[in-house]
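Taken straight from TrEMBL:
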- 17-100: domain 'G-protein coupled receptors family 2 profile 1' (DOMAIN)
- 116-379: domain 'G-protein coupled receptors family 2 profile 2' (DOMAIN)
- 118-141: transmembrane segment (TRANSMEM)
- 241-260: transmembrane segment (TRANSMEM)
- 280-301: transmembrane segment (TRANSMEM)
- 322-343: transmembrane segment (TRANSMEM)
- 355-378: transmembrane segment (TRANSMEM)
Amino acid sequence: AKVLEKTFEEWLRYRDECLRRMASEPYPAGLFCNRTFDMYACWPDGSPGTAVNVSCPFYLPWFEKVKHGLVSRRCGTDGQWVTVNGSQPWRDYSQCEDELEVTAEEEGAHRLMVSFKVLYTVGYSLSLLTLISALLILTVFRNLRCTRNYIHANLFASFGLRATSVMVKDALLERRWGVELVQVADWEALLSHEATLGCRAAQVLMQYCILANHYWFLVEAVYLYKLLIGAVFSEKNYYRLYLYLGWGTPVVFVVPWMAAKYLKENAECWALNENMAYWWIIRIPILLASLINLLIFMRILKVILAKLRANQKGYADYKLRLAKATLTLIPLFGIHEVVFIFATDEQTTGILRYVKVFFTLFLNSFQGFLVAVLYCFANKEVKSEMKKKWQLWKL
């Protein structure tokens, strides 16, 4: 996408320079082939029965490799350019072609990236199906309706929206950049401002959903922390604050990121990060939420260990049993973000970059599935309620 956009800009500059040059130069006397721009190269007037050579056009992405090469056309004895099939201009541009020799390393990298895409597509699809089922269970069964499960349901919804937004974004990008470009009009339509609106909207939605997903994990951690360590409080009052934290906080960061992209990097689908400072508008709140979760996890773990040591019989109170049921989820979130906190995208190369990409995509895509299983399907309360409903249905 980046190469195509840059190439089109250079092509427009080449075309404009050619048209100006053709308009300013005087015409020769006698029979000659007319100067022309055939959408590939700029041709001067040609003498009948001769070959006309011009330098390879500078808009080619690989121009540095072929800058000494020539492209040629033949001027017929009748003063007309030689054509193919009576319509298409004949030209020899073999010296201007890029050597399309793909190394074994490049082929391996391409196959690896394709396999990564298949991996996270399967992960997000599996997560989405599982999350929808878990959401239905928590909303249909009345006995499961409480603040704790409301928070779980919001977490499931954030995971589902994240999976959906990623798959929609991929589908739009595939539709946008997977088309075959035959004519210049195709380039213009593809790179027009209207054509980018859909994929930019999908990109913004994806960034919002990713942030919301991280902050609903933060809500889970804060709720668990208040449950174990905080004083007695009214859950109803805090639930509204949880909603603001989970769904409202991402807006605070996504809006400035949108403004920075629109004003400073308004290129194609906003998927490229030329200036990493703008990308940190999204990265910093994610890393902040991950670090807070990690600190809360360590604090809760310390409390649980202390309570387990104090209780010699191995029995725990209600809060402790609840914490043990949900504690396993906190390490699932943010650990990979903390591990790679200093290995940013622009700093990682080679094997380290592939390792980071693999673990990030794997954890992010399958995380929703793990959360749904641990919070819902493996939860004793949920299993007990489903068992009761099953027994009633059989009766």
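Every residue number used here counts from 1 along the chain in the order it is shown.
Each Cβ is built from the backbone N, Cα and C atoms, and glycine gets one as well.
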Contact yes or no, the transmembrane segment (280-301) and the transmembrane segment (241-260), 3+ Cβ pairs under 8 Å, gap 6+: yes
Rounded mean pLDDT for the residues that make up the domain 'G-protein coupled receptors family 2 profile 1' (17-100): 88
Helix, strand and coil totals (DSSP H, G, I; E, B; other) for the domain 'G-protein coupled receptors family 2 profile 1' (17-100): 15 helix, 24 strand, 45 coil
